[in-house]
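Enquirer: Residues or ranges marked as domain 'Gelsolin-like' in TrEMBL: 27-102, 142-215, 262-334, 402-481, 521-587, 623-697.
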Amino acid sequence: IAKFLYHFTTAGKEPGLKIWRIEHMDLKPVPKNLYGNFYTGDAYLLLYTTSLPSYNIHMWLGEECSQDESGACAILCTQLDNYLGGYPVQYREVQCNESLTFQGYFKSGIKYQKGGIASGFRHVVTNDANVKYVLHVKGRRTIRATEVEFSWASFNQGDCFIIDLGKDIYQWHGKQCNMFEKTQALNMSRKIRDGERNGRATVHVVEEGEEPQALIDALGPKTAISPPIPDSDTVETANKNKAALYMISDASGSMKTACVAQSNPFKQEMLIPEECFILDNGVDNNVFVWKGPKANEAERKAAMTAAQEFIKEKNYSNKTQIQVLPAGGETTLFKQFFKNWMDKDQTKGPTKPFTIGRIAHVQQIPFDASTLHSNHAMAAQHKMVDDGSGKIQIWRVEEGARVPVEPASYGQFYGGDCYIILYTYKQGSREQHIIYTWQGLKCTQDELAASAFLTVQLDDSMGGEPVQVRVTQGQEPPHLMSLFKKKPMIVHLGGTSRTGGQTKAGSTRLYHIRSSTTHATRAVEVTPSACSLNSNDVFVLKTPNSLFVWRGIGASEEEVATSKHVVTFLGGSPVDVVEGKEPATFWTALGGKKEYQSSKSLQKMIKAPRLFGCSNKTGRLVVEEVPGDFGQVDLATDDVMLLDVGDQIFLWVGSQANEVEKTGAPKIAKEYVDTDPSGRSGIPITTIKQGAEPPIFTGWFHAWDVCMWEKSPLENI
């Protein structure tokens, strides 16, 4: 136990994700650039720490891991929980059946490779060009790439496959693979290129029937490709509302359970503080253990064991997910089985929403509606290599060359330019480098090509050591947003920063300011119209004769502070405007008062909105949640998407959704509401179509881009 505790000395000390692999009954840290890669013969322990702090512990079991390793992982999970005072939420994750919370950590996808520590396979940070394997890529909301036999026999016409040959990465598309799946697979290909090859590999996209000779040489003569494989592991939506509640009478000895309620929705009062309870949603592969705050210590410590015993007793699948929850740390998935769940000290109005410190202790804080966009349920975070305090150099691409940008204007990006950002930071005693290539949406094809060439040139001049990250305007990762020393990132709609080349800015300009879940802020120039406003954010409006700072009733202090930087750039003396008290000159500058995102949910809702993909492509209705922080890019144009904002449901019908989905959209929404485990009913359902989105919908997405779908998602990447 002492050697295990040695690994835990830094656990929970700072926000973010830590991953260890179980190796010979010991813990070995996984390198951060390989987070999301798992060997199927191994077990892993993950700890996610929020800034509150609160904690999630995940024990992940590969389908081929040994009993010894899974047993050691369970012991370590309990030890880590004890080390953190019993406050964490614990999850048991099984390969290909991970919780939505787990999936949210890896927005670029999860990769499963054959073998494990027993086979001599180790996680090594490498530029090794001698690798050779095939990955079968599946999933629309969560990308899962599983290693398969290195043979044409592994391929089928309905999916994407990645053939990794080290210096060359081939992405192969079956004839019946759709555009959204191709786009998701390309995210995984880029993750391998940037994370495992440090950007020093080339990604090739190959359509079935157009295979290059290099691919034939690697895989051998091409054989007949199998027809598409139907998805058979989906669950009927109606199953999701079937649950029962049991009280555990003695989890530490001979476990006995007594049924408290045979069906949900349950009453919160059923959870007695002196006891532990099992919520059985095994029909949907979920089992929860709730630990009463006054239950005896032995029962609380044996909670995970109790759940595993319960699964065996019920003959449930060994892939059943387990969540162990302390009182005060209940997840969204758990709370949805209760009617009108109220958290301790939760307020009903826009005054003092609660936050959780160490989960078990609830404290009051001043109202900050930015929590609306902190998706605590899924705890989605993009990885941050450091806090952004390293050294930064920025060049603009100009006439095929790198031209230094004045440090005073660092953080400002123009849509008509391309930029190369070199970031240097210390990892131990060694310097590490990241090259970000930022490409504006209105730059020329010549500048795009030059930016790629100049990035490689800079990389070569540094011995090929830097990690390369290509960034498209509007898709900036939080780490890039954090590099500007307490200044926000400001993205201008178009124009250029080059000397003498500026196009004249519009006479009226509007900037939308929002903070991310990582507390980085970004100000994005948007169309100067009242319908661009959002009650949850701050906006800066510049006209020839005036300057306004408009604060929505749900805006955060971080967003207000960011507005001062935008004001300094635009120049002038600002007039502070509070939502609801706007002068007539404000609305006149925006072309008149119009409807904008001002949902009551923004004023009273604490939990974040949720986005789902709805599809009947398998012959039955499947509703699948998008993990992590969602954005406009997650709207699949060949699906119907469901946005749940608490007091209203939006159905977004993609332009390529099939006719059954289009005509059945109201039924999909009704089924979703009717099968909500909390018994919710009667809320408004609004159906909208791609290309005709009203502000009450677009306002839930940061800096909505009306031009996003003019090109295919694959072309945009």
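Cβ atoms are placed via backbone N, Cα and C, with glycine included.
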Enquirer: What counts of helix, strand and coil residues does DSSP assign across the domain 'Gelsolin-like' (262-334)?
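Expert: Secondary-structure breakdown of the domain 'Gelsolin-like' (262-334): 25 helix, 19 strand, 29 coil.
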Enquirer: Can you give me the average pLDDT across the domain 'Gelsolin-like' (402-481), rounded to a whole number?
Expert: 85
Enquirer: So, taking each listed stretch (27-102, 142-215, 402-481, 521-587, 623-697) in turn and counting its Cβ pairs to the domain 'Gelsolin-like' (262-334) that are under 8 angstroms, which one gives the highest count?
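Expert: Answer is 27-102, with the largest number of Cβ pairs below 8 Å.
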Enquirer: Please identify the stretch among 27-102, 402-481, 521-587, 623-697 with the greatest number of Cβ pairs below 8 Å relative to the domain 'Gelsolin-like' (142-215).
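Expert: Looking at each of 27-102, 402-481, 521-587, 623-697 in turn, the most contacts to the domain 'Gelsolin-like' (142-215) are made by 402-481.
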